[in-house]
Structures are given as C-alpha cells and as structure tokens.
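To keep things clear, I will list the structure first and then write my remarks on it.
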C-alpha cells in the first residue's frame, strides 16, 4: 500500500487518505462507485477507471460498484441544485449499459450493483439498521450538506439520505466482499468518512478511504464539458475524432494534469513529459491525446480519429473527396439533416438551428470577424441564404469555426 501512496504523491494525484492506510498489507480489496445517471460513462469517469487499474497494478483487488439504487436518488456532492429524478426503467437501462462498458474497460475485476441489496431494503430496516448510527450534528457539518442547507435551493430529505445509503454500500462490501478501502474523487470524502464511521459504529472493523483531486481547468471548472455538452466515452455519443480533438483543444497548462489522471503512463514518463511540454507543447498534447483515445476506443478508434483529422486538416479540407466526406459523417463528426429544414434559410439561422453556434449573436460576430467558414470559404454576408450552390457532390456541406471546430452536414 505504501508503494501506491508514494506513486500517487509523486504524480500529485493524492487528495486525502485515512490515517494508517499506508500500513495495510496484502490482501486488500477496494471499491469505487459509478452512478448510472446517464446511458454512458463520461470522461470524468475515466479517472475512476484508471484509478481502479492502478490499484490492480499495485496488487489491490478492485471492485466497481454501479449505483442501480443510489442512481434513483442522486448524489448531492458538487451540486448546487437537486438533480431531476430518473424513473426506475431509465436507471435500469443506464445500469446495464454502464456495466457493459465497465466490463469492457475492466475485464478482470468484479462489478457489483447496489440495487441487489438496497433495492429490497424496507424503510423500517433503513431507520433501524442505518439511520440509528448517524447523528444529525455530524451530518449537518458535512460540507456538501452545509452548502445546500443554507442556500436558496435547500436540500431535500432524499438527497440528505444519500450518504447513509453510500455508507451502507461500504459496510455491505466490507462484510460480504472483504472491502476495506473506498476510493473516489475529492468531493466524495465526506461520504467516504461517513461510511468509515458507520462500519466502526456497527463493530465490523476498521475501514479506510482514499481520494484523488477533481479534474478541473485553471478556473476551477470541471474538465469534460464542451459547448455541445458532455464528453462521453460511448463512441456513438462522442466519436473517437471528437475525443481526440477535445484534448488537442485544451490549454498547455492542463496537459500535465490530464497525463497524470487519465493515463497509466509510468510516473517517470509523466515527469519527462512535463519537461518536453516546455519545448514542444503540441507534440506532447498530441501524444497524450493519442494514448487516451487508444485506451478508450482501442487501436481502431485511434486510427479512425487520426484519419478523420488528416482529412480535415492535412490540406485544410480542400480537395476533399466524396468518400472522405462520407467517412467523416460515419465517424461521428457529421449530422444528417433534411434538405427542407435548411435549404432557403439564412446561414445565420441555419448554424444556430444545427447547434454549430450557440446564438445568432455569436454567429453574427463570427461572420463579421471572418471566423465562420462554409466549405473552407469565409461566410461574409450574414443575410446570405443556403442554396444548392453550397452543396459538395450535391449532398455535403463542410462547416468550420476557427481552426478546430468542424462539422459535416449531410443533406441526403
């Protein structure tokens, strides 16, 4: 365990840990949870997946927990307002998809679902076997609760009870699977320590916790969001090309943290990349992006991302062939649109309608600054109308915003 802690400290990704954790000796089992709030994991979850892989590399037996029950409640950690509750059918469907994804990324570890033990828990059992061991004073002192209780939004009893359910998860895994360590992001520390206290109060034994920092940008905002939404791991939602480009668009300052948290590159190589970053930031950024895309989508996904990038950028999109445009649409960077929905409309309206620009104001500003391109030619008149003269091969349109944001429109 000491070797793992030393490595995490060397990488700068150890946020908090329980006293005495370093003295644990093999065999040790640990778990990390994934709530099925969406049908796909996102790039933030990749940190947890890498963390479980890292535990395994240091001889710790990892377990991934899918929150089929807690996903019905919603973790208030890091949230200023209450989540919209998902119905049971949606959570069940999400859980199945998350379990399949985790089995793909973590083929050699156990995956459990807390719906198996929380789903049948009665209210009386909840109050007697769980609620009895928690004191309101300590619960109200938790940062996540404190921030919400005195806010205008407040906190519901449902969300307030979340940490009790997570604590019960830890106790269940401690008792039935020998799990003594819970891991998670820094926003989970309050929930983790509640579980440790619950296990102690129940007389089950000594448990431990370990957290890693949240992945944030220089402004403290969580990394993993774009103008078009969340960066998903499912290639149907975020293509390998889009994932690759997402990392290329990050600032140079964010790459060291990305390399430490989202890759399994060894500690010395990560430190060496820091030095290379000073002299050749683009090469380092591209290398890290390639490593992550290959890890997430395999060699085939990386090849697709690189081929799409080559089609778009090698010759600035000029002389692009019909087959290349078709491949771009297939790779996930294109959208299918009915001709009747856009032909005859102003470009100013079309780019907003397609979600390529967030508003007409943004579109107008880009046009005035010569920053919005149609088939690699700047759009210069905000009153211009989309007609047949803009179609490549009587079917495609290539939209570009600046140097990096591109999209193929298929009017088939």
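Each residue, glycine too, has its Cβ placed from N, Cα and C.
Features of the protein shown, as given by Swiss-Prot:
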BINDING   31, 162, 166  L-tyrosine binding site
MOTIF     36-45  motif ''HIGH' region'
MOTIF     222-226  motif ''KMSKS' region'
BINDING   225  ATP binding site
DOMAIN    345-412  domain 'S4 RNA-binding'
Assigned conformation of residue 166 (L-tyrosine binding site) - DSSP reduced to three states: helix
Per DSSP, how many helix, strand and coil residues does the domain 'S4 RNA-binding' (345-412) have? 19 helix, 20 strand, 29 coil
Simplified to three states, DSSP reports residue 31 (L-tyrosine binding site) as strand
Counted with DSSP (H/G/I as helix, E/B as strand, rest coil), the motif ''HIGH' region' (36-45) has 3 helix, 1 strand, 6 coil
Intrachain C-beta neighbours of residue 166 (L-tyrosine binding site), sequence separation six or more, cut-off 8 angstroms: 33, 70, 75, 191, 194, 195
To what whole number does the mean pLDDT across the domain 'S4 RNA-binding' (345-412) round? 88
